[in-house]
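Participant: If you look up TrEMBL, you'll see 6-21, 33-52, 103-126, 146-165, 177-201, 378-396, 425-446, 523-542 marked as transmembrane segment. If you look up TrEMBL, you'll see 224-251 marked as coiled coil. Annotation source TrEMBL lists compositional bias 'Basic and acidic residues' at 582-617, 635-644. What TrEMBL records for 658-669 is compositional bias 'Acidic residues'.
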Amino acid sequence: MSGAALGLEIVFVFFLALFLLHRYGDFKKQHRLVIIATLLAWYLCFLIVFILPLDVSTTIYNRCKLAVNSSPAESNGSYVTLAPSKQKCFKPWSYIPDGIMPIFWRVVYWTSQFLTWILLPFMQSYARSGGFSITGKIKTALIENAIYYGTYLLIFGAFLIYVAVNPDFNLQWNQLQTIGIAAANTWGLFLLVLLLGYGLVEIPRSHWNGAKRGYLLMKTYFKAAKLMTEKADAEENLEDIMEEVRKVSESIKYNHPLRKCVDTILKKCPTEYQERMGRNMDDYEDFDERQNSYPSEKSLAKLHKQVIYSVQRHRRTQVQWQILLEQAFYLEDVAKNESSATRQFVHTFHSQEPENKIIQYFYTPTVEWYWECLLRPWFYRVLSVVLATFSVIVVWSECTFFSTNPVLSLFAVFIQLAEKTYNYIYIEMACFLTIFFLSICVYSTVFRIRVFNYYYLASHHQTDAYSLLFSGMLFCRLTPPLCLNFLGLTHMDVTISHAKTQPTAYTSIMGSMRVLSFIADGFYIYYPMLVVILCIATYFSLGTRCLNLLGFQQFMGDSEMTSDLIDEGKELIRREKRKRQRQEEGENRRREWKERYGNRDDSTRSRAVHADQKESSFSETNANRPLSKYTRSNGRTERDRIELLQDAEPLDFNADSVNDDPLESDSGR
């Protein structure tokens with residue numbers, strides 16, 4: 001099993017990252033480089049979280065070997081061994097051979113840092129650029145990132161000059177590398193504590209509120225009112241942009257040098273607008289630069305950028321509106337079925353997507369009623385209590401993990417108790433649950449936050465390329481300090497425990513933070529305590545109240561604006577529900593009519609076909625007879641036969657097409 005666990009987790013994490021990216025991104029429409037870069041960033045961050053528990057168990061096993069094999073004469077070297085155990089050190093099932101983990105962590109860490117500080121910012125500007133060529137987009141991206149990159153180069157250059165001038169500093173390359181890592185982790189830890197303080201409170205509270213049907217329905221009405229406003233604004237913005245595109249398309253003729261740019265813009269427009277604004281191929285009027293003023297390529301690039309943004313926003317709001325309608329209809333169905341005497345879940349509308357037969361076989365209406373109306377609220381309450389307990393343990397450990405004698409961090413206590421008995425399964429499970437909960441609190445906040453329309457992760461393939469790349473940047477910057485914080489909570493970081501023992505492979509690539517003592521002994525230890533203040537602020541919804549005062553409508557139960565938006569959303573949902581009901585009633589009537597009169601129509605058509613065949617055979621037998629003599633009688637025969645068919649098949653009366661004698665002109669000839 002040596003290295004098998006590492007290989008399995010590498011494969012599993014890859015498919016996990018691919019699944020999440022498929023949920024938020026669009027593989028068909030977005031650029032392949034954007035998908036690959038975002039997938040690589042998410043994959044590396046998730047991989048660090050899943051592999052770190054294996055590193056901890058391997059380190060504990062290595063410490064055990066040193067403790068058993070070292071004699072007192074040998075223990076006064078670089079390591080101070082732990083108390084020797086009377087039992088042998090059993091190798092963990094997930095043991096990773098020596099030399100693999102340092103190389104693995106070095107590759108993963110520096111690849112993620114290259115992505116977050118160099119490649120992804122450049123790709124963000126490239127994705128938002130409205131240029132019409134690769135060279136133009138690269139030029140725009142370089143100009144936009146000049147200030148971004150120049151700031152880091154200026155700070156780094158000033159630091160190098162200070163080190164070179166000051167004779168007290170004699171820094172080597174390893175120390176400079178450690179300082180760079182410390183600077184990146186400091187920035188990440190600053191953002192980590194902010195996101196962690198929000199997630200530790202909001203995740204248990206959201207699951208507790210998930211058990212309240214009335215609360216969820218009111219919040220859905222509130223979201224519907226806000227989304228309708230955003231949807232109308234997106235439609236209006238798209239109309240304005242399309243009007244500008246129409247004017248540009250009409251002004252720039254087919255032989256204008258910038259016509260290719262206009263055609264590129266038209267391809268990004270929706271199909272209905274493309275048909276409406278199709279280029280008039282009959283207009284071969286040559287352009288005259290002296291008589292007309294034409295837009296420049298720079299203005300067309302700006303218009304191209306606006307078209308991409310407006311079309312993406314319009315499509316996203318349309319999809320989100322349909323999803324929100326389904327959620328509202330389902331919550332209303334749950335509220336109605338709670339008082340059902342038959343204990344079978346009845347849907348108002350049938351699902352538009354085909355259901356899986358296996359799920360449909362096991363998830364019957366009775367099972368659905370028991371889950372939705374009885375079990376699910378209690379399940380969410382129990383889960384909320386468990387998550388709240390974890391949150392309290394995290395907050396306590398964040399405030400006390402610097403204490404090594406006595407050990408006050410509960411996570412460190414759990415790991416040390418398991419370390420005494422060398423229960424590696426328990427160690428890995430405890431480490432995995434701890435870092436997984438921390439990751440959920442941080443990463444879920446990244447998925448929830450929305451910075452206007454600048455950054456927004458929308459599910460169902462509605463996230464734009466810029467937001468995907470931005471999320472990859474955040475993950476790569478947050479994951480290393482998150483892992484260091486986890487190792488500090490469990491006292492596996494020798495910088496926190498102050499023990500001269502073998503460090504984990506992950507902390508070994510970070511270098512000794514003693515180079516910057518004010519960061520190692522100050523910021524890393526005392527700054528995480530601010531999570532208490534952030535948790536209190538999140539519990540009392542101080543951020544939500546501040547945003548509400550600034551004019552950004554937030555869901556607050558004691559606000560008059562919230563009540564108005566709930567009423568507005570309720571009316572919108574009721575209107576859409578009536579519209580959906582009328583559509584289904586019309587479809588049901590057409591289906592019933594087809595089932596009732598479908599066989600009769602088929603038999604009528606067969607008789608008509610038989611009559612036509614008989615008529616054709618009769619005309620062939622009389623082909624050699626004089627036509628002038630039998631023209632009138634044949635016309636009457638045809639007329640009688642058609643009248644017979646008209647009695648069997650209803651007519652679609654139309655004043656423009658109905659004549660008194662449809663064959664009068666033929667008979668006249």
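Numbering starts at 1 and runs along the chain as displayed.
In case you wondered, yes, glycine gets a Cβ from its N, Cα and C as well.
In terms of burial and nearby residues, how do these features look in this structure?
Facilitator: If you look at the transmembrane segment (33-52), the same-chain residues 6 or more away from its ends with a CB under 8 A from one of its CBs are 6, 9-10, 12-14, 16-18, 20-21, 25, 27, 104, 108-109, 111-112, 115-116, 119-120, 123, 127, 431-432, 435-436, 439, 465, 468-469, 471-473, 475-476, 478-480, 482-483, 486-487, 506.
Outside the coiled coil (224-251) by six or more residues, the chain places 262, 265-266, 269-270, 273, 276-277, 279, 292, 294-295, 300, 303, 306-307, 310-311, 313-314, 316-318, 320-321, 324-325, 328, 553, 565-566, 568-569, 572-573 with a CB less than 8 A from a CB of the stretch.
Sequence-distant contacts of the transmembrane segment (378-396) (same chain, at least 6 residues past either end, Cβ-Cβ under 8 Å): 196, 200-201, 203-205, 207-208, 210-211, 408-411, 437-438, 441, 489, 531-532, 535.
Same-chain residues lying 6 or more positions outside the transmembrane segment (425-446) and placing a CB less than 8 Å from one of its CB atoms are 49-50, 52-54, 56-57, 60, 92-94, 192, 195-196, 198-200, 202-203, 387, 390-391, 394, 411, 414-415, 418-419, 457, 471, 474-475, 478, 482-483, 485-486, 489-490.
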Participant: Mind checking which residues reach the transmembrane segment (103-126)? Cβ under 8 Å, same chain, six or more beyond either end.
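Facilitator: The answer is 6, 33-34, 37, 40-41, 44-45, 47-48, 51, 55, 137-138, 140-142, 144-145, 148, 152, 184, 466, 469-470, 472-473, 476-477, 479-480, 505-506, 508-509.
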Participant: Where else in the chain does the transmembrane segment (523-542) make close Cβ contacts, counting only residues six or more beyond its ends and a cut-off under 8 Å?
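Facilitator: Contacts with the transmembrane segment (523-542): 186, 189-190, 193-194, 196-198, 200-202, 205, 391, 394-395, 398-399, 401-402, 484-485, 488, 495-496, 513, 556.
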Participant: Average the per-residue pLDDT over the coiled coil (224-251) and send me the rounded value.
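Facilitator: Summing pLDDT over the coiled coil (224-251) and dividing by its length gives 92.
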